[in-house]
Amino acid sequence: MSHPPKIAVIGAGPAGIYASDLLVRGGAIVDLFERMPAPFGLIRYGVAPDHPRIKGIIASLHKVLDKPEIRLIGNVTVGRDITVAELAELYDAIVFSTGAVDDRPLDIPGIDLPESYGAAEFVGFYDGNPLFSRDWDLSTESVAVIGVGNVGLDVARILAKTGEELRVTEIPDNVYNVLSGSKVREVHVFGRRGPAQTKFTPQELKELDHSPNVNVVVSPEDIDYDEASLEARSASKSVDLVCQILENYAIREPKEAENTLHIHLFEQPVSVLSSDDGHVVGVRTERQELDGNGGVRGTGKFTDWPVGAVYRAVGYRSVGIPGVPFSETDHVIPNDGSHVLTESGESIPGFYATGWIKRGPVGLIGNTKSDAKETVDMLFADHEAGLLGRTNFADVLDMLRGKGIRTTSWDGWHALDAAERELGSQEGRERKKVVEWEEMLAHSIG
Ligand SMILES: Cc1cc2nc3c(=O)[nH]c(=O)nc-3n(C[C@H](O)[C@H](O)[C@H](O)COP(=O)(O)OP(=O)(O)OC[C@H]3O[C@@H](n4cnc5c(N)ncnc54)[C@H](O)[C@@H]3O)c2cc1C
């Protein structure tokens, strides 16, 4: 290599951090930009607070960000505080790893009623994301969750657990106060297809039963398989385990518990029902039956479920960055597995994508690692081929200072981390999150 390539990585979630690791292992130096004051993306602001083992991945990512060749530059929104064109001059290449933030829409009547929420909004609240609401209305006894994936399970589990149970986690005071005053007793999760077609993973499904306050209920009628479903079970150990766990919930004696979490399969939500004055009063579903190919078809039998709020967990969605191509149909940066592509399918020299912004919002944290390798291998191949270069050798921090942007740093994260641990230790917990943006900045500027 002629000189160590200088790379800007945009987004300090797991994808951006794994990519930075591989880049510096290959001899590059990295500036890792993050719009939030703190790094770690959806590990901090997506993974549920009662999943401390997954949140613990942050500890292993510390080892990466401790590397002197990686400089974390937080509190900078690329595309707003600094343009992609400006960065393209300062760096040999840019890796976009901006993940996903929004909810995918669900187009059914009533979905825009006031008590109908996207999962991302509720997750943002309970995970203490400063960009989301500090308060939440849990004054209704029955709620519906639409979607049978792990995010749906997270939302349902947090709604069904008691505030006291969650107090041991890192939730901030405003979240604890809301959850401990919750009136929710019944959580109804709806999925349109059968046990073999749910998107749950076995561990998350089984874990629902670990709470002494939650009785998980599945109707025996919802356990049904066709030829294609049986094939799916024999082809995947995970699918088979999920089916076994659902079967077990369906046949066992009900557990004595304060709250009930129902998982309804073969029930497709077709509308959210409204009162005369425009509030959610229920969900209407249409019963489905297997079509023999692992798909389903409607039976024409409708059921109205009285609920006072609806949460849709039908997937996250990425947003575009000004100055970078973005597919408004797939909601990803168009790419060939590594390079960013123009509308006509040509790669843009020096622009790469990785993580959820490249693949779409599916898969676990671990998947972003192999994904980053694919991206970074290609970047180094281009560097070897002499395809990368920069025209401006200034330091981006001077440019940001000139624009009046206050940036956070890796040392700053250590200070915020210590402050959160101290807040937690005063209550016998490992951590209590700081929520307010300015308060986060007060700890981590510099
Ligand atoms: C609710 C929820 C729960 C989950 N639970 C688990 C779990 O228990 N276990 C598991 O393995 N996986 C879980 N996942 C999946 C996991 O979070 C993802 O696989 C992973 O976070 C994707 O990584 P990423 O880096 O591509 O995106 P993200 O984690 O979204 O990171 C992207 C980062 O880019 C930043 N960014 C965005 N735009 C800009 C910009 N313009 N300028 C600068 N920075 C920007 C964002 O602030 C963010 O920090 C969960 C996902 C969700 C949504």
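Every residue, even glycine, has its Cβ placed from backbone N, Cα and C.
Unlike curated records, TrEMBL annotations are generated automatically.
Here the structure is a predicted model, which means the values were calculated and not measured.
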Further binder of FAD named by TrEMBL next to E34, L42, V78, W356, G363, L364, I365, taken from the candidates A15, A119, A385, A394:
A15
Rounded to the nearest Å - Cα separation of L42 (FAD binding site) and R193 (NADP(+) binding site):
28
Any of the binding-site residues E34, L42, R192, R193, E204 with a C-beta atom under 6 A from ligand 1? Give them in order, or none.
E34, L42
About how far apart, in whole Å, are the alpha carbons (Cα) of A15 (FAD binding site) and R193 (NADP(+) binding site)?
31
Cα-Cα distance linking R192 (NADP(+) binding site) and G363 (FAD binding site), given in Å to the nearest integer:
21
Using Cα coordinates, what distance in whole Å links I365 (FAD binding site) and E204 (NADP(+) binding site)?
15
Could you tell me the C-alpha distance between L364 (FAD binding site) and R193 (NADP(+) binding site) in angstrom, no decimals?
22
